[in-house]
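*Asks:* Sharing the record's features from TrEMBL:
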type: DOMAIN; residues: 6-137; note: domain 'tRNAHis guanylyltransferase catalytic'
type: BINDING; residues: ASP29, ASP76; note: Mg(2+) 2 binding site
type: BINDING; residues: ASP29, GLY30, ARG31, GLY32, PHE33, HIS34, SER75, ASP76; note: GTP binding site
type: BINDING; residues: ASP29, GLY30, ASP76; note: Mg(2+) 1 binding site
type: DOMAIN; residues: 140-258; note: domain 'Thg1 C-terminal'
Amino acid sequence: MANSKFEYVKAFEKEVYLLPETYMVVRVDGRGFHKLSETYKFEKPNDLNALELMNKAAQSVMEKIPEALLAYGDSDEYSFLLQKNCEIFERREAKLTSTFSSTFTAYYNFYWKDYFPNSPLTPERLPTFDARVVLYPNQQNVKDYFSWRQVDCHINNLYNTTFWQLILKKGLTPQESEKRLMGTLSSDKNEILFTELGINYNDEAEIYKKGTVLIREWELKDDQPSLNERELSKRQKDRLRKKFRKAKIQKYHIDIINEGFWNERPWLLES
């Protein structure tokens, strides 16, 4: 940047550097997706094309940002777990959030036509996403975070499934359906679905009940350095990063609350 008398304004810029030695989770959320889903007539209670578009955008982000080890998503949100000791963007908060939100938005819009070929986007209602980054000091916090998001997925899906089936199959208005479900427990909703609507919630697709997990599967070898090894030289880190970038990203609809999920993939939470 050339020097000039106006350069003093750069002093007003402030960077927030995130704490080292902490796990970073970046959560991307759709902005105004309730109205967007109405505009483009998403199917209720779940639109599989909309969910798969979210999955495609999230996987594309992971391919672009190899520091992302795992991503979990449902509805209009996705959470990305980064390597504990990664130094992406020098751990600058604004750079992280803006990159994840803009990259996710770009891919979501780019692939829209593949999932909604008969519903072209209009300038009046373009999909956009915001992002936040949250720091967690230990492994249990990270596990609890992703457990929280999957439990939230289950609770919301059970409610939405019952809510919309009462409308679609019983002819209730949205207000009547909301009143019918007010104060009900999960067991009550399951009972309504089964006895009144002929739906066994256990038979619903796993993607709706559990959300989607994207994992950069990594084959551990005894002579392989840790992904978070601080003593590696820059050349070794670059070589490992290139190799890790090529690791295949797998998609699952599985339980991530169970401890076995994490035990089978120790590299996700390496210290």
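Note that Cβ sites are derived from N, Cα and C of the backbone, with glycine treated the same way.
Tell me about the setting of these features in this model.
*Replies:* Mean per-residue pLDDT, taken over the domain 'tRNAHis guanylyltransferase catalytic' (6-137), amounts to 96.
Around the Cβ of ASP29 (Mg(2+) 2 binding site), the number of neighbouring Cβ atoms within 10 Å comes to 16.
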*Asks:* Please work out which residue of GLY32, PHE33, ASP76 has the most C-beta neighbours within 10 angstroms of its C-beta, and give that one of the binding-site residues.
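*Replies:* Going through GLY32, PHE33, ASP76 one by one, the largest Cβ count within 10 Å is at ASP76.
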*Asks:* Please list, in sequence order, the residues in the chain of GLY30 (GTP binding site) that are at least six apart in sequence and whose C-beta is under 8 Å away from its C-beta.
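*Replies:* Correct list: LEU36, SER75, ASP76, GLU77, PRO127, THR128, PHE129.
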*Asks:* Which residues, same chain and not among ASP29, GLY30, ASP76, have a CB within 8 angstroms of the centroid of the CB atoms at the recorded Mg(2+) 1 site?
*Replies:* VAL28, ARG31, PHE33, SER75, GLU77, PHE129
*Asks:* Among the binding-site residues ARG31, HIS34, which residue has the fewest other Cβ atoms within 10 Å of its own Cβ?
*Replies:* HIS34
